[in-house]
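According to TrEMBL, the protein has these features:
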| type | residues | note |
| --- | --- | --- |
| BINDING | S11, R53, H54, S86, A87, T186 | phosphate binding site |
| BINDING | M185, D209, Y210, D211 | substrate binding site |
| DOMAIN | 5-231 | domain 'Nucleoside phosphorylase' |
| SITE | S166 | site 'Important for substrate specificity' |
| SITE | I222 | site 'Important for substrate specificity' |
Amino acid sequence: MEPVIGIIGGSGLYDIAGLEDAHWQQIQTPWGDPSDQILTGTLNGLRLAFLPRHGRGHVYTPSTVPYRANIDALKRLGVTDIISLSATGSFREDMAPGDFVVIDQYIDRTRLREKTFFGPGCVAHVSLAHPTCPRLSEIVAQAAETAGARVHRGGTYLAMEGPQFSTLAESKMYREVWGADVIGMTNMPEAALAREAEICYASVAMVTDYDSWHPDHGEVSISQIIETMGGNGEKARGTIQALPSLIPSTREVCPHGCDRALEYAITTTPDRRDPALVAKLDAVAGRVLGETK
Ligand SMILES: CSC[C@H]1O[C@H](OP(=O)(O)O)[C@H](O)[C@@H]1O
Ligand SMILES: Nc1ncnc2[nH]cnc12
């Protein structure tokens, strides 16, 4: 099977250059419109589908990003693996602004978002014990190093609701009590939905600031973030450019099972399933629901 790599670009990353056969496509989903059209094309033979998470021009707040539509649309385009690129604050002195952290865990503090494709009439419980894909994460770490980034392999991302930044008390609690490494507003429920859609997911947290806890750095501000994002954006683009030489042209099944996450996850018996919901799940769960519709 040929891999198709979905790239979800976060704050500051709204486009990618250099794709062959590039065109922006509007994809319709049963969950509404994605954040924007999706840019598809190939990069040195590797098929890519790029989606700006907040839309071109940065239209969607972290709470209003249409996460379900985004993941469904990428699945409809045949995406097998998603790489998220995100701006984050850091809770660790050694994860400094400009560094890249390849995330392996999340603490989800979001509360205003649709978190699952499933619901009454089709209940499913996937595992999130390991919410990112180790195989894809290692490839992304190598790509980022090729692009000249200082890379930390592994880190816990605290997903907050936003859009306001954290209070000092929250910042200290996430760092000292909860042991989070970085903080952002968007990776949840995105990572969880990718797992439900059986798509491998890796996330690069591009550190822009020390949030508010650091005695020598004051409190995070948007101007500080934008300033650091300039350099991060260059390394992010370099990371994407390095992918074709690191991703095999034939995709083997995921050794960690991301692409079979729904195998035993659907709990509702076939006779009790809601046909309308099952129809909406055609892209996300068609592989397992197909024969029982
Ligand atoms: C513009 S700073 C705050 C904003 O940036 C991050 O978004 P993304 O993960 O899409 O890069 C952060 O989570 C906030 O949404
Ligand atoms: N300190 C911070 N908190 C939440 N989201 C962020 N994105 C970038 N920096 C952030």
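Glycine is no exception: its Cβ is also placed from the backbone N, Cα and C atoms.
Features recorded in TrEMBL, as mapped to the structure shown.
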| residue | record | contacts (Cβ under 8 Å, 6+ apart) |
| --- | --- | --- |
| S11 | phosphate binding site | H54, H58, S86, A87, I225, M229 |
| R53 | phosphate binding site | I8, G9, G10, S35, Y60, V65, N70, S84, T186, E190 |
| S166 | site 'Important for substrate specificity' | M160, Y174, I183, D211, S212 |
| M185 | substrate binding site | P62, S63, T110, A159, M160, E161, G162, P163 |
| D209 | substrate binding site | G89, S90, P97, H217, V220, S221, Q224, I225, T228 |
| Y210 | substrate binding site | G89, S90, F91, P97, H217, V220 |
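Ligand 2 lies under 6 Å from the Cβ of the following recorded positions, listed in sequence order from M185, T186, D209, D211, I222: M185, D209, D211.
Under DSSP, S11 (phosphate binding site) is assigned to coil, being neither helix nor strand in the three-state scheme. In the three-state DSSP scheme, A87 (phosphate binding site) is classed as strand. The Cβ of A87 (phosphate binding site) has 24 neighbouring Cβ atoms from other residues within 10 Å, across all protein chains displayed. Same-chain neighbours of the phosphate site beyond S11, R53, H54, S86, A87, T186, judged by a C-beta within 8 angstroms of the site's C-beta center, are, in sequence order, G9, G10, G12, L13, P62, L85, G184, M185. Listed in sequence order, the residues of the same chain lying 6 or more apart from I222 (site 'Important for substrate specificity') and placing their CB within less than 8 Å of its CB: none are present.
M185 (substrate binding site) carries neither a helix nor a strand DSSP state and counts as coil. DSSP assigns D209 (substrate binding site) to a strand in the three-state reduction.
Neighbour density for H54 (phosphate binding site): within 10 A of its CB lie 21 other CB atoms from the protein chains shown. Residues from the binding-site residues list (S11, R53, M185, D211) with a C-beta closer than 6 Å to any atom of ligand 1: S11, R53, M185.
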